[in-house]
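For reference, the structure discussed in these notes is given below.
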Amino acid sequence: MSGHTHPCCKIGPSILCADLSCLADECRKMIHSGADYLHLDVMDGHFVPNLTFGHPIVKCLRPKMPDIYFDMHMMVQNPEKWVESMADAGANQYTFHIEACEDIPALCRKIQESGMRVGVGLKPGTPVETILPYSDLFDVVLIMTVEPGFGGQSFMEDMMSKVQYLRTNFPYLDIEVDGGVGPNTIDVVAEAGANMIVSGTAITGASDPSQVIALLRNSVENAIQKSQLER
Ligand SMILES: O=C(CO)[C@H](O)[C@H](O)COP(=O)(O)O
Ligand SMILES: [Fe+2]
C-alpha cells in the first residue's frame, strides 16, 4: 500500500507527558514548533498497565486543528473495537499492536475502509518477521524502542536491527520509531532508516521544542540524502 518514492522525514511529537489539562494548547505548541503530525497514545489498562484517553477526546480536539494528521497509537486489547469511533473522531492513522490482534487481514481491511492509514506496532520482544505474511496490508510499521505504557523510558538501541531489516526489504515503507527518541538517540535511528520519528519527553520537556524538532529533522534528512547518494 506504500508509494514508490522514498518516504520523507516526518516528526510526530507524542503529547503523552505534556500537560493534558490543556491538550489543545499543547498540540498547537507542537505544530507551531514545526511538528509534521501528532502521535496520540491511547492506553486501555489491559494491553499496557496504564490509562490515557480515547476517541471522545480526539473528537473534541479535531475541530480545533482541522488539518493536522493524527496518528493514533492504539495500545489496546481488541483494537478492532475502536476503528469506527476513531475514524468518526477524525483520526488519520490507526496504529494497532500486532500482539493484540487475532485477525490481522480483517482489521487492516476495516481500517482502510474507514479511510485511515494502516499502522502496525511491534513491542520490543516481537520479532520483525511476524509482519512478513501481511506486509502488503500496512502503510506504516511502528518499531517500539521501549516497552509500551509509559513516556520517559530509555531507548533500546538493539531494536535498530528491526528498522534496518525493514528499510532493506521495504525501501518505500513508512517506518516509525517510538520510545526514548531525542537528540541523543536520533542518529542511530536515522541511520537505520526510520523516517517517521515519534518523540515525547525530549520535545515536550524542552525549553525550546522547535530546536529539538529541527535537530531531529536534520539528522533524518541527512541520513536519507546519504542513503540516496549511495544507491
Ligand atoms: O507509546 C509511547 C509509550 O508507550 C510514547 O509514544 C512514547 O513513550 C513517547 O514518549 P518518550 O519519547 O518520552 O519515550
Ligand atoms: Fe506511542
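Including glycine, each Cβ sits where the backbone N, Cα and C put it.
Not measured: the values here are computed from a predicted model.
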Which of GLY34, GLY125, GLY180 shares the substrate site with SER14, HIS73, GLY149, PHE150, GLY151, GLY152, GLY200, THR201 per TrEMBL?
GLY180
For the divalent metal cation site that TrEMBL lists with HIS39, ASP41, HIS73, give the additional residue from the candidates ASP174, ASP178, ASP187.
ASP178
If you measure every Cα to Cα distance among SER14, HIS73, GLY149, PHE150, GLY151, GLY152, GLY180, GLY200, THR201, the residues said to bind substrate, what is the biggest one in Å?
16
Which chain-mates of GLY151 (substrate binding site) that are at least 6 residues away have a CB under 8 A from its CB, listed by sequence?
SER14, LEU16, CYS17, ASP41, GLY200, THR201
On the three-state reduction of DSSP, what should I expect for GLY151 (substrate binding site)?
coil
Which residues of the same chain, at least 6 positions away in sequence, have a Cβ lying under 8 Å from the Cβ of GLY180 (substrate binding site)?
THR145, VAL146, GLN153, SER154, PHE155, MET156
I want to check the contact list for ASP178 (active site, proton donor): same chain, sequence separation of six or more, C-beta distance under 8 angstroms. What comes out?
SER14, HIS39, HIS73, GLY121, LEU142, ILE143, MET144, THR145, VAL146, VAL198
